[in-house]
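Asks: According to TrEMBL, the record shows the following:
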- 57-196: domain 'Alanine dehydrogenase/pyridine nucleotide transhydrogenase N-terminal' (DOMAIN)
- 475-495: transmembrane segment (TRANSMEM)
- 502-521: transmembrane segment (TRANSMEM)
- 527-548: transmembrane segment (TRANSMEM)
- 555-573: transmembrane segment (TRANSMEM)
- 593-612: transmembrane segment (TRANSMEM)
- 619-637: transmembrane segment (TRANSMEM)
Amino acid sequence: MANLLKTVVTGCSCPLLSNCKVIPGKKDFLRTFHTHRALWCKSPVKPGIPYKQLTVGVPKEIFQNEKRVALSPAGVQALVKQGFSVVVESGAGEASKFSDDHYRAAGAQIQGVKEVLASDLVVKVRAPMVNPTLGVHEADLLKTSGTLISFIYPAQNPDLLNQLSKRKTTVLAMDQVPRVTIAQGYDALSSMANIAGYKAVVLAANHFGRFFTGQITAAGKVPPAKILIVGGGVAGLASAGAAKSMGAIVRGFDTRAAALEQFKSLGAEPLEVDLKESGEGQGGYAKEMSKEFIEAEMKLFAQQCKEVDILISTALIPGKKAPVLFSKEMIESMKEGSVVVDLAAEAGGNFETTKPGELYVHKGVTHIGYTDLPSRMATQASTLYSNNITKLLKAISPDKDNFYFEVKDDFDFGTMGHVIRGTVVMKDGKVIFPAPTPKNIPQGAPVKPKTVAELEAEKAATITPFRKTMTTASAYTAGLTGMLGLGIVAPNLAFSQMVTTFGLAGIVGYHTVWGVTPALHSPLMSVTNAISGLTAVGGLALMGGHLYPSTTSQGLAALATFISSVNIAGGFLVTQRMLDMFKRPTDPPEYNYVYLLPAGTFVGGYLAALYSGYNIEQIMYLGSGLCCVGALAGLSTQGTARLGNALGMIGVAGGLAATLGGLKPSPELLAQMSGAMALGGTIGKHLVEFCLYGNTCPFFSSLFGHSSIPVGTTLISSVANTRLVTDMSLAKVNECIL
């Protein structure tokens with residue numbers, strides 16, 4: 001046992017045990033240990049390769065008309081900061097407006113194509129192909145056991161995978177990044193589709209002979225362009241947003257219900273066929289539909305071709321030829337000057353008349369079949385693609401020191417393991433595409449097919465235009481019949497007049513108050529409380545005696561007048577204080593005293609007419625009512641709020657003056673009335689001085705309720721003649737309006 005311990009100790013590389021000594025002559029057992037400040041062994045070696053030992057190569061794209069570059073200077077700077085060494089082929093970013101000097105400033109080295117392709121990690125846009133200048137395939141120039149990140153499309157390029165396999169390459173296909181939430185930042189297909197959708201609308205506008213937006217000019221009326229977009233993926237939604245912002249009438253079609261909702265959210269009109277069938281497929285793509293659905297779809301497209309000016313189609317099925325959605329006959333039925341843009345041209349096209357990569361005119365219809373739309377916005381496309389790559393590298397290898405990622409066949413849906421396994425199509429020369437099905441895939445609730453009876457019930461429940469119109473007409477018929485019945489059962493003409501006034505005033509009041517700005521609701525409430533103080537009219541009409549009331553009912557009437565006066569004075573003063581709170585130092589000066597001119601003219605003119613023998617009380621009531629309505633309307637905006645408060649004061653003053661003029665009280669009774677109103681107004685003013693604004697309005701609202709009680713009690717307990725009641729009813733038109 002001692003010999004075994006000795007062997008372990010002398011062979012251990014741990015600092016704790018490296019200084020241990022064996023006593024001479026005692027070789028068969030361990031004698032003593034010397035202490036060491038290190039109390040642990042060396043940490044385990046991290047997997048992977050340090051970033052500083054890896055070189056990232058950015059070659060120039062050699063595919064025909066390809067202007068994009070895999071990394072922008074900003075992307076290079078991000079990788080250099082992470083620790084990578086970056087080499088860029090000379091002129092790689094010129095077509096994207098990124099010069100070699102920009103890359104040097106970002107920390108990259110400029111080298112030749114062979115040196116760049118021999119890097120540890122090569123990032124490209126297009127899949128490797130034969131270099132016509134060197135006469136050799138780019139895959140043969142890759143470093144053995146290196147890593148390639150690019151668009152690959154492995155299902156369509158098995159020969160390319162065989163070539164890469166010979167170099168024992170690890171391949172990350174940007175077109176295979178799973179479309180899950182966690183991978184949105186590295187979804188290069190969506191980035192490029194967004195650009196393609198936008199560019200499709202720009203090209204269509206360039207080749208269309210009219211405005212997108214409708215215009216009415218002195219030279220004539222220009223109708224808006226009508227655009228149909230087929231496919232509600234990223235490209236289709238980008239096209240819909242761009243076309244709608246340019247003023248066109250946009251229609252959208254997709255087999256997926258969620259895509260139709262997104263079309264609708266962008267302001268486009270979603271189109272559907274009569275046949276109900278879900279088009280939801282795997283990975284965010286639409287699935288192939290049934291024969292019956294396709295027939296209904298073709299019928300819809302044939303009809304739309306005769307109506308729209310521009311067609312944009314984006315329908316693709318992963319790993320297969322694009323479906324032909326528009327036949328030659330449909331295209332020839334379109335108006336001359338129309339434009340079709342086929343975003344699926346690279347996969348064969350959705351139009352039977354499409355020529356991939358070409359722009360041409362067929363029977364007066366311009367066909368845009370470009371396969372390089374993202375490349376036609378090279379700067380923007382390169383920037384987004386660069387961001388996708390840098391985010392992907394940082395996500396799959398989060399370690400701060402070493403570059404390493406692990407490919408597992410056992411992974412859950414929507415996790416980083418799912419992203420890595422889906423993106424890596426070849427590992428050390430071994431093809432591992434396609435990825436296995438992930439675990440824990442979220443399952444939507446199965447849609448239960450509706451029975452024939454249910455479908456018939458839904459159809460029966462659908463409101464037809466005739467039924468909708470008939471329902472509206474029936475409602476108005478019932479309402480007008482009720483009005484006729486009310487007129488028949490009315491006890492006298494005065495009742496009908498009061499109901500008429502009440503109904504019209506209610507409608508006017510509703511529409512007036514509805515338009516008030518929310519910020520002015522509190523001033524509106526205080527003005528309403530002040531105008532509600534016109535219950536004083538009822539109290540004045542029932543007051544009697546001389547300097548003092550002589551009966552209980554007269555005392556209650558005086559009390560009602562007093563309380564209502566508190567409400568009037570306090571309400572208008574609170575409104576004035578609230579509006580002063582909204583006033584800013586930069587607002588122009590106000591001259592509210594000028595409103596005394598219409599007030600004096602209104603009340604003074606009535607007094608002059610009264611002493612001249614004219615009885616114009618009804619006109620005064622009308623003027624007062626209009627002023628009260630104008631007060632509420634004035635409170636709708638900040639600019640007219642003070643005018644509204646002034647109109648309320650004029651209306652209340654006119655109503656009270658007309659009531660006093662109509663009653664023609666004796667000097668003693670007039671003194672009693674004036675005293676009650678003056679005392680109430682004074683108390684209302686002082687109450688405002690001592691009450692907080694937040695509590696004043698509810699307080700005056702309660703006063704309005706309390707002032708109504710004595711009036712009602714007095715009406716019941718006293719025997720009022722018909723003329724008095726009628727006069728009081730007309731005077732309270734203002735109250736009815738509120």
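Using the three backbone atoms N, Cα and C, a Cβ is placed for every residue, glycine included.
For each listed feature, how buried is it and what is near it?
Replies: In terms of DSSP secondary structure, the domain 'Alanine dehydrogenase/pyridine nucleotide transhydrogenase N-terminal' (57-196) contains 56 helix, 25 strand, 59 coil.
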Asks: Can you tell me the mean pLDDT for the domain 'Alanine dehydrogenase/pyridine nucleotide transhydrogenase N-terminal' (57-196)?
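Replies: Mean pLDDT for the domain 'Alanine dehydrogenase/pyridine nucleotide transhydrogenase N-terminal' (57-196): 96.
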Asks: So if I exclude everything within five residues of the ends of the transmembrane segment (593-612), which remaining residues of that chain have a CB under 8 angstroms from its CBs? That is, six or more out.
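Replies: Distal contacts: 620, 623, 643, 646, 649-650, 653-654, 657-658, 661.
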